[in-house]
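Heads up: the structure comes next, in structure tokens.
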Amino acid sequence: MTMTTDTLNETLNETPAEQIETTEIPVKKQVVNDNDSRTTQIQIVDENKQFTTILSDSMKNVWKLDENGFNFHILSIFGSQSTGKSTLLNKLFNTKFQVMNEESRQQTTKGIWISQAENSNLLILDVEGTDGRERGEEQDFERKSALFTLAISEVLVINIWENMVGLYQGANMGLLKTVFEVNMQLFLQQQGKIKTLLLFVIRDFTGRTPMSNLSDVLTNELNKMWKDISKPEEYSESTLSDYFDLMFTSLPHKIFLPDQFEKEVLELKERFYNPEDSNYVFKPNYHRGIPADGFSNYAESIWDKVAYNHDLDIPTQQQLLAEYRCDEIAKAIVSEFQNDIAKYKEMLENGEILEDMGKIFNEVREKALELYDSSAGRYRKEVYARKRIDFLEKMNTYLHVYYLLQLRNLEKKAYSNFKNNITEAVKDDSLFFVDTLENHKSKCIEDFKKLAEESKLQETTWNYTDHLNQLIKEIDEYGKITKDQQLNKIKKNVEKNTLNLLNGSIPIKMNNVREHLWDELGEDLSKALNNSINQYKSLIQGYDCTDSEVDSNVRSIRKSGWDMFINLIAEETTDNIILVRLREKFEEVFRYDKNGLPRIWNNNDDIDSFFKKAKEEALALISLFTFIDISEQKIRDITGLEDIKKQDLTIIDGDRSKKLLSKFLREIELQYIDAKRSVVRTTSKVPAWFILLTMVLGYNEFIAVIKNPILLLVGLVFGIVLYALYITNLLKPVLRVIRIVIQDIWLQINNFAHETKLANNKIGNGNASASASTSNSADSINYLEDDIPLTKLNRRKNHNSQGQYDSNATLVNF
């Protein structure tokens, strides 16, 4: 099938006359290939446009796809030479296509190569790059290879650099236009509803221009191109989307951002391998409907049709000249235009705002258009007019990047001003927060819209909606954060007030225990929480809080108050504090009379009765401190908590209660023993005759001490120490220490005597009297221990003779 010259006059607008070939191409000749039939990749079409004869064998014996039926897919890549097409394919599909030598930067892929993706039923076509110096201006093979891959592929990956978006040649738009038109003539009439996916991979993506803007530019160019191509009458109303789906993605710089590049390549890989991915590329309507065992014949027939269509090489000289000159003129003016606006780029990239941007850029653009009109207006009018539109769009595209930078800076400045204003405003605790926030928000938005509108270029459809929406979103987010911070600050201050109120009542009432202690503490907790909640509701009136927010924070305050209450109770019921309170209660009854005066024990006092009463009243406190004796319903009413944990109400568990009781009993038993001993000390006085006898018999020793300086000095020091201990009230503790030391010595002597008797009893087979003596000795030892249990003490007191008791007491006094 061929095309007329008139049709191609409008479509093949990028091909110089000297590039046209008119000779037929023999496609049946076998390609000279270094690969054998067992290799994993083959050159399906070589650089001399000859088709291989081993594709069928590779499908069957190498790739094992011959029996797959329709279960296989075809993907091709298209783009300029040395843009990393083969590298991308190798990364995505683990193929082994030859990649460019960075030092020489020469052509690596020659012709068209095909390979199977690793562990997949996917066939990949790597196409020779366009615009290469090896072929120069001879573009016939470029168009034929592009047309071939477009005809047989379900997905065509178009690999372009970001800085080529918006360019006609750099983005291969001219070649695509030619391929679209011929593809329409040759194949689309026969394909019905079959589509092809054009996947644009924008390389070295920096993010300065949003991906949405780049995709819009490419989409608009493709739609415009489709509208301009020559179509059969029955397809005159067709659109690009009738035959092609568009998809756009990007990859960062492979050299400068290697880690990010690898990461995003893995993400892109999901589109080809994961059918569950939302961007999965191999949709059923892309498949050509050719079974795997017939693919080699189908591909060869397509290449045969492409190779023998001579109309592909006949553009008109006049149109080509006009297009060539218009492009050259536009290129020179664009270069100068870029130099004129380059000085503003660094300023904008540094975050500065360009005043009067719209006025400045309008003047620069008008100057460039005047230069273009004066030079290009002499050529063919329809070409000049069309190229002028392209030239204007190209300048607008360049300037739009600056406009986006300006919008970014305006957005940042507006947001920064808003934050500073709000930060200053919230320092005033009396402000009505919602009104203040709304006033600053309105002013910020109006300032942004005014400057954004002034920065726009005339006769463009630029808009700042995205940046305005982003600014509003950031303002609302910061307003919410600030509101939450202020509310949290108020809540913390209220909770601090709750803690102060509880701190002022709980320790005092825990130290002054009364019968209704827990009822009083419950009332104190209720009053503190109600006070704090009323204070909180008063402080948040200017924050426009919803009922749910208020209820949530009130619940939080009540929960926090309950936790503070539990913690304060725990602090006031530690082991040491409880022991101190028990001891104080015991001593209040046992050591002091009803007038608060210390008791001086004598033989007439019933020490046992006082001891029993004091112990009972002290032990009653333990039961009071065992758990928080407030009903669960009352706690729910006060705190709003539904789930009251039993462990929160328990203060002293069983094990801890036993330990406290054991410690307390040991302490009060010592006081009981001291009381008994004090009675013995007051009744066991030294007789007067003994004092007189000591003075008579010790007269000589007294004189000897006075006359001996050393003894006199020792006696004086001893007397001074005793006096010092007496006036500092340390004499009694010192005597007690001495008494304990004597007791220990006495115990050691008794133990030694007991062991000696046991040894003698074993040697002499023992006797009953020795056992009785040992038992009496053991009783004496037990009686002198400080940690003696009270029950044992009572039992000894009842069974031991009064003489033995007096004997031991005399030993202690000594």
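Cβ atoms are placed via backbone N, Cα and C, with glycine included.
Sequence annotations record features per position, and here TrEMBL assigns GTP binding site to Gly79, Ser80, Gln81, Ser82, Thr83, Gly84, Lys85, Ser86. Annotation source TrEMBL lists domain 'GB1/RHD3-type G' at 69-286. Annotation comment: TrEMBL describes 1-685, 731-814 as topological domain 'Cytoplasmic'. If you look up TrEMBL, you'll see 686-704, 710-731 marked as transmembrane segment.
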Packing count at Lys85 (GTP binding site) (other Cβ atoms within 10 Å of its Cβ): 28
Model confidence over the topological domain 'Cytoplasmic' (1-685), averaged pLDDT: 79
Long-range Cβ neighbours of the transmembrane segment (686-704) (under 8 Å; 6 or more residues past either end): 711
In three-state DSSP terms, the structure that Lys85 (GTP binding site) belongs to: helix
Gly84 (GTP binding site), number of other Cβ atoms within 10 Å: 22
Other CB atoms, at most 10 A from the CB of Ser80 (GTP binding site): 21
Other CB atoms within 10 A, centred on Gly79 (GTP binding site): 24
Cβ-Cβ neighbours of Ser86 (GTP binding site) (radius 10 Å): 23
